[in-house]
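> What TrEMBL records for this protein is below:
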- A:20-40: transmembrane segment (TRANSMEM)
- A:101-123: transmembrane segment (TRANSMEM)
- A:129-147: transmembrane segment (TRANSMEM)
- A:168-189: transmembrane segment (TRANSMEM)
- A:219-239: transmembrane segment (TRANSMEM)
- A:260-287: transmembrane segment (TRANSMEM)
- A:299-315: transmembrane segment (TRANSMEM)
């Protein structure tokens, strides 16, 4: 049967534009590095670069977890609170004499449990993701403060606190942790069927369900991954500052969301990648680092970050509309 | 003066503008001269010269991708033309923005309702044009006025009800009433009856004729030939982005229009394969659930079982119950003679049931994801080895469906939202072909689909039957189920009220049973 029907528009293939955004962000990051290298002598020193990689690492890991959730058209506001809370948990466990390996596993399991609780609230209780994660954001900090009675638990385990200061092959161990998270995250999101299911659920739950996708399980999975990433960051933070304190990591959830959005994730769901939020996190870290080196008032850093979000997302929107 | 006319003259300045551009009935109101639209190298609309007359109903027919949507978007200022001229009341105009089109009195009612479900009917009708006094909204006055308009139109809809509580068909009527209130002079309907019941369609047609009699020019786009002949004064045909002719309705025939559209005769469209009927695949006994009760029917290998009824008669609900999407409260399902319990979609799929659902937008497709991902969504498990997907197989499966079904796309990576209705339907079907099944449920597979694609879909049914599958075909378009179904069941109010063998009853009988007079 020869029926000639032509599509009414021929938009650019999606994959090409994804890579394009990645390259643009990478270009922006390199441009910032060049600019800072020219304008200040202190930037390209091994010490500063290590510092920059350490600063960016924790946001990067949070942003990757956050991206999984945002792709399902959800949001996880609790990640900053989880970081603070789990820093308390691991400090508490170590103080109580629990072996290091067991403390780490238990702390990560706490993350899994918090994520599962979010999934339960969304799937079973029908609460909006914004609400359930907002609720844990405030209550987790409260529970953390209750456990320590408002005090800070210091960590005396030297192996644990030395880890964050250590280098491996000249690269800070914290940055290696980013790679440790990013590679399985990439395989999961871009190469496995569960990654495809995240996108499908974020695009159209009903279509996904009728296609045999277990939508509830996919939502659980996204929030568990996000909370577990946050618990992992809680371990790294505890190692870096050597204490457990429930009020730490204030506002990191917004840093993570900003990194993810700068990295091309759509808050409407179904658009996102693993490399995008990583680049986004290091762009933010570079701006903070550069502003410090250039002696720019730290209040300005916040303003610059806000402007950057607007500019990058605006251009991303323009590009998407242009390809329609 | 009726309440509709009163409201449509509510704004004095607009009324004056209308007078200054007055065009006598039957004179050209909108002229397109060499209107053209290109996307890159793709010519979506080849230079078209069409004249619309004041106070006529002008139908536009054509297959998917023939350029109908492009034409509407050009006329309503959603996209800008590449070349050509547009004359409104004899003067050249730009039509560069939607606001310019609306301010000239050009408006469109879209197939998919674009209103706010959480607001009341009245609030929707006055949205963006509220009645105010001292800066406060006059809610009661708007409700009264809206109710007067609805009553006046004979719609029998409550103005105070939430829009979301109405059926899609009723929402469509509200959208039309809203457009009619705005003092329009040129109103475009894009497949307005796709989701309407017969009564609702009849109400809509009355409104359209009434607007025409008031001097409004109507452009009516539809795939349903009988509607075009019932309503239109003139009809223009588009094919492959080109305007291939305009006819007076009184001087043309369905066959001529179809020949202009596709170069093929109507007998070839409802082409039905004769396949030997095998044993029973599925049987339901007294199946009940939300929206349907006590439904007993069976489907055998190699046959099409048609479910006809009005929208809301319980056919889709029955399908969703059989597919495990909705809980079944009573009754039994037998698969290959053995009693089965289908509790979720996965179990249905594993048994061998596929469901191409009613609404492509809400249930069928992930619109902002690539075509390839949509096609592969039910089969990613099969395309995976261990943790990861075999990317080569993933691409090959998508490309095979795109090729076999002739989905017109440059690549599997194009987003599903960029496709026309017919191609989107093919993507939905492609999902289930790649999964494979023994019982295919097609719920309204040809809504918003052109004649050519329809013929392709019917042909595909034949292929499936030959492979030993059974088909449940749910349709509100009587000729379709009537011609294709080996056995036709009529639904009314959630119950199966009558059953007929192929062509055993007349159209009138079936209709009467569906409406329940």
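Every residue gets a Cβ built from N, Cα and C, even glycine.
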> Need a quick answer: max count of Cβ pairs under 8 Å to the transmembrane segment (A:219-239), which of A:101-123, A:260-287, A:299-315 is it?
A:101-123
> May I ask whether the transmembrane segment (A:168-189) has at least three C-beta pairs under 8 Å with the transmembrane segment (A:20-40), counting pairs 6 or more apart in sequence?
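Per Cβ check, the transmembrane segment (A:20-40) does not touch the transmembrane segment (A:168-189).
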> Taking residues 6+ outside the transmembrane segment (A:168-189), which of them lie with a CB under 8 Å of any CB in it?
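Here the qualifying positions are 46, 50, 53-54, 56-58, 60-61, 64, 67-68, 71, 195, 198, 225, 229, 232, 236, 240, 272-275, 278.
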> So which residues does the transmembrane segment (A:260-287) touch in its own chain, when a touch means Cβ under 8 Å and the partner is 6 or more beyond its ends?
18, 21-22, 25-26, 28-29, 32-33, 36, 52, 55-56, 59-60, 62-64, 66-67, 70-75, 178, 182, 185-186, 189-190, 199-200, 202-203, 301, 304-305, 308-309, 312-313, 316
> Would you kindly list the residues that approach the transmembrane segment (A:299-315) from elsewhere in its chain, counting only those six or more residues past its ends and only Cβ-Cβ distances under 8 Å?
258, 261-262, 283-284, 287-288, 291
